[in-house]
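Novice: Sharing the record's features from Swiss-Prot:
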BINDING   Unk27, Cys30  Ni(2+) binding site
Amino acid sequence: MAEKSTVKVDEVKLNLIEMVLRAYDPUYSCAAHIIVKDEKGNKIIEVIKE
(Lines of atoms letter the chains of each structure in order from A and count residues from 1; the text may use other names and numbers.)
(Lines give C-alpha, C1' and ligand atoms only; values in the text may rest on other atoms or scores of the structure.)
Protein backbone atom coordinates (compact mmCIF):
# COMPACT_ATOMS: atom_id res chain seq x y z
CA MET A 1 0.00 0.00 0.00
CA ALA A 2 1.34 3.45 -0.93
CA GLU A 3 2.00 5.94 1.83
CA LYS A 4 -0.24 8.98 1.85
CA SER A 5 1.63 12.23 2.35
CA THR A 6 0.02 15.46 3.46
CA VAL A 7 1.37 18.71 2.09
CA LYS A 8 0.53 21.92 3.90
CA VAL A 9 -0.63 24.58 1.44
CA ASP A 10 -0.88 28.17 2.61
CA GLU A 11 -4.23 29.93 2.35
CA VAL A 12 -3.03 32.47 -0.25
CA LYS A 13 -2.00 29.73 -2.71
CA LEU A 14 -5.23 27.85 -2.13
CA ASN A 15 -7.27 31.02 -2.76
CA LEU A 16 -5.32 31.66 -5.97
CA ILE A 17 -6.05 28.13 -7.22
CA GLU A 18 -9.73 28.64 -6.40
CA MET A 19 -9.84 31.97 -8.31
CA VAL A 20 -8.33 30.35 -11.41
CA LEU A 21 -10.73 27.40 -11.24
CA ARG A 22 -13.74 29.71 -10.87
CA ALA A 23 -12.58 31.73 -13.91
CA TYR A 24 -12.64 28.60 -16.07
CA ASP A 25 -15.62 26.84 -14.46
CA PRO A 26 -18.39 28.86 -12.76
CA UNK A 27 -19.74 25.61 -11.29
CA TYR A 28 -16.43 24.99 -9.48
CA SER A 29 -18.17 25.41 -6.12
CA CYS A 30 -19.91 22.10 -6.87
CA ALA A 31 -16.53 20.34 -7.05
CA ALA A 32 -15.44 18.34 -4.05
CA HIS A 33 -12.05 17.02 -5.14
CA ILE A 34 -9.19 18.93 -6.78
CA ILE A 35 -5.89 17.42 -7.92
CA VAL A 36 -3.01 19.56 -9.25
CA LYS A 37 -0.21 17.76 -11.11
CA ASP A 38 3.16 18.94 -12.42
CA GLU A 39 4.39 18.53 -16.01
CA LYS A 40 5.49 14.94 -15.33
CA GLY A 41 2.06 13.98 -13.98
CA ASN A 42 3.14 13.83 -10.34
CA LYS A 43 0.46 14.93 -7.91
CA ILE A 44 1.60 18.05 -6.06
CA ILE A 45 -1.64 19.22 -4.41
CA GLU A 46 -4.83 17.36 -3.56
CA VAL A 47 -7.74 19.21 -1.96
CA ILE A 48 -10.83 17.43 -0.72
CA LYS A 49 -13.72 19.68 0.27
CA GLU A 50 -15.77 18.29 3.11
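Cβ atoms are placed via backbone N, Cα and C, with glycine included.
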Novice: Going by DSSP, give the three-state secondary structure for Unk27 (Ni(2+) binding site).
Specialist: helix
Novice: In sequence order, which same-chain residues at least six apart have a C-beta under 8 angstroms from Unk27 (Ni(2+) binding site)?
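Specialist: None - Unk27 (Ni(2+) binding site) has no non-local Cβ neighbours under 8 Å at 6 or more residues apart.
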